[in-house]
Amino acid sequence: MLLVLLLAVASSACAALSTVFKHRAAQHAVEQPAVDERADGEKLPRRGLRAAAVAWVANPTFAIAMVFDGLCVVFQILALKYGSLSVVQPVLCMSLVISLGLNHVMLRTRPTRSEILHSLTLVAGLVMFLLVSDAISAHGETAIGRRVPAIILAVVGGLFVLGAVFGTRSMRPRMRARALAASVAIVYATTAGLMKSTTQISHLFGLDAVLTSWQLWVLIALAACGLALNQVAFAAAPLNVVLPVVASLDPLFSVLIGVGVYGDQLRDTPLAVAGEVAGLALLLYSVVKLSSVRAAQGAAAEAELAAAMDGGATPLSMRNE
């Protein structure tokens, strides 16, 4: 259990570092935009969001963020190899706490009382759920995933995703964004499950079996689908509408999939179930609150980037100096 927790926390830390470095790259693109040199030697900054995106991606800080993204996935795969979905995915919520703390360190600011309180309640809810549930991962071929429950969940999840994409067009933007965000959470949780399947197939039957398994190719397809849905959801409403839904439902769906498909065993006495529900509820409540704060920070950074690069506006950070 300790190894699984350490790997999951390492994945969370890498995800948080990636987020912080991406924001630093965006800020650098605002403060030091790419320039074009005229024939007379005068240098003029490039304007427009395309130039901002180029400056962002070309920044070495962005490359560092990509490295941490890769490490995040590697640590998550290793954690899922040795542990259960019901443990690993809730622990990954720690990335919200870590990223907020790192952001304050980088900006040399102090966290608010609300941020401290919700960070503590997130940790408390997580610890309560892990201690009370005492989740145990299945072993052997059971850990690859039970076929019938997997098919049922895949069909239900697929119908939900299709309904969110095609059945919500007449909804108001915010309602549609929430439905799409719920679909993203389902896809992310399913993707985590398929990561576990592929690691178990590799462990039991070797790498050749992974390359010929349907789980690997469905995993790749779902990952692409999740990225596309994520962008559609973010385009439909602001970050503070979408991110809390994704961040809170992902661990919940992961626990359900872990128990229903991958044979995760949780304590099932009435007192234990009450403690598990209370811990998970406290965790998800804190995730919603902290992800709203994180989304607000991301939206502010995007607004500053757009204001600075579109039409020659002065960056907000420069105006405040």
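Cβ atoms here come from the backbone N, Cα and C positions, even for glycine.
As given in TrEMBL:
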- 1-15: signal peptide (SIGNAL)
- 87-105: transmembrane segment (TRANSMEM)
- 117-136: transmembrane segment (TRANSMEM)
- 148-167: transmembrane segment (TRANSMEM)
- 179-195: transmembrane segment (TRANSMEM)
- 215-234: transmembrane segment (TRANSMEM)
- 241-263: transmembrane segment (TRANSMEM)
- 269-288: transmembrane segment (TRANSMEM)
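Long-range contacts of the transmembrane segment (215-234) within the same chain, counting only residues at least 6 positions beyond its ends with a Cβ under 8 Å from a Cβ of the stretch, are 144-145, 161, 164-165, 177, 180-181, 183-184, 187-188, 190-191, 194-195, 197-198, 201, 242, 246. The largest share of C-beta pairs under 8 angstroms with the transmembrane segment (148-167) comes from 241-263, of the ranges 87-105, 117-136, 241-263, 269-288. Tertiary proximity for the transmembrane segment (241-263) is limited to same-chain residues at least six positions away from its ends with a CB under 8 Å from its CB atoms, namely 84-86, 88-90, 92-93, 96, 135, 137-138, 142-143, 145-146, 149-150, 153, 174, 177-178, 180-182, 184-186, 188-190, 192-193, 196, 230, 233-234, 280, 283-284, 287-289, 291-292, 294-295, 298.
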